[in-house]
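Q: Feature list, courtesy of TrEMBL:
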type: TRANSMEM; residues: 7-27; note: transmembrane segment
type: DOMAIN; residues: 38-150; note: domain 'VTT'
type: TRANSMEM; residues: 47-70; note: transmembrane segment
type: TRANSMEM; residues: 91-110; note: transmembrane segment
type: TRANSMEM; residues: 130-150; note: transmembrane segment
type: TRANSMEM; residues: 162-184; note: transmembrane segment
Amino acid sequence: MLLQLFSLPVLVLMKYGYLALFIWSVLEGEIGLMLTGWLVSRGEVFTFEGAFAVAVAGAFLGDNAVFLFGRLFERRAMAWLGRSSWKKERVLAWFRKWGSSLIVFERFIYGTHIPALLTIGMSGYPYLKFLFFDILGIVLWAATFLTIGYEFGQQAINLVLFIQKNFVLVLFVGILFFTIFYALRSQNGNEGEPQ
């Protein structure tokens with residue numbers, strides 16, 4: 001059942017190759033990059049260098065579109081961020097704390113990529129400086145996720161197959177783990193209370 005979740009993306013990558021990877025990278029493509037890395041390790045469709053170049057190009061296009069949307073259409077970007085204002089506030093706090101390094105690492109923090117780029121675009125941050133840090137972040141991101149897929153892709157698929165075949169056991173262990181965790185957490189929370 002879980003393996004079927006990966007079959008369609010793999011088929012799309014195998015059929016449309018670099019075009020599919022490019023589009024996926026424009027739209028935030030960690031899973032696509034890992035699956036591509038796995039396909040590279042099997043010698044199918046992609047080369048590592050080609051996949052890396054296409055992923056960097058796609059992510060660069062996507063990041064610049066979002067940054068410039070925030071810069072040029074600030075009112076619309078604010079309206080969109082208003083639906084997730086907590087993300088905007090979190091991004092602003094991170095930006096004040098870490099500055100330009102946020103641009104490098106925000107794409108590794110799930111759920112903050114688009115709000116971060118919109119917010120940074122609206123902030124008046126210098127575009128050329130953004131380009132420098134964005135390219136650095138994209139290169140790290142593409143290399144990281146392609147390498148994870150290349151080195152550990154088969155193990156990840158084996159893990160999915162194990163979970164699929166032993167779903168009841170995995171579910172039981174998961175419930176047991178969370179029950180013990182919750183019990184210990186509750187017990188530690190009550191230690192400081194007077195009796």
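Start at 1 and count along the chain as shown; that gives each residue its number.
Cβ from N, Cα, C; glycine included.
TrEMBL: automatically predicted annotations, no manual curation.
Help me understand the surroundings of these features in the structure.
A: Counting residues 6+ beyond its ends, the transmembrane segment (7-27) has Cβ neighbours under 8 Å at 33, 35-36, 39, 44-46, 50-51, 54-59, 61-62, 65, 142 in the same chain.
Under DSSP, the residues of the domain 'VTT' (38-150) split into helix, strand and coil as follows: 94 helix, 0 strand, 19 coil.
Below 8 angstroms of C-beta separation, residues 25, 29-30, 33-41, 48, 51-52, 55-56, 59-60, 63-64, 67, 100-101, 103-108, 120-121 of the same chain, each at least six residues beyond the ends of the transmembrane segment (130-150), sit close to that stretch.
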Q: For the transmembrane segment (47-70), find every same-chain residue at least 6 residues outside the stretch whose CB is under 8 Å from a CB in it, and list them.
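A: For the transmembrane segment (47-70), the far contacts come to 18, 21-29, 33, 36-37, 40, 76-77, 107, 114, 117-122, 127, 130-131, 134-135, 138-139, 141-143, 146, 150.
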Q: State the residues, same chain only, that lie 6 or more residues beyond the ends of the transmembrane segment (91-110) and have a CB under 8 A from a CB inside it; answer 'none' if no residue qualifies.
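A: For the transmembrane segment (91-110), the sequence-distant neighbours (Cβ-Cβ under 8 Å, at least 6 residues beyond its ends) are 28, 59, 116-117, 119-120, 123, 129-130, 133-134, 136-138, 140-141, 144.
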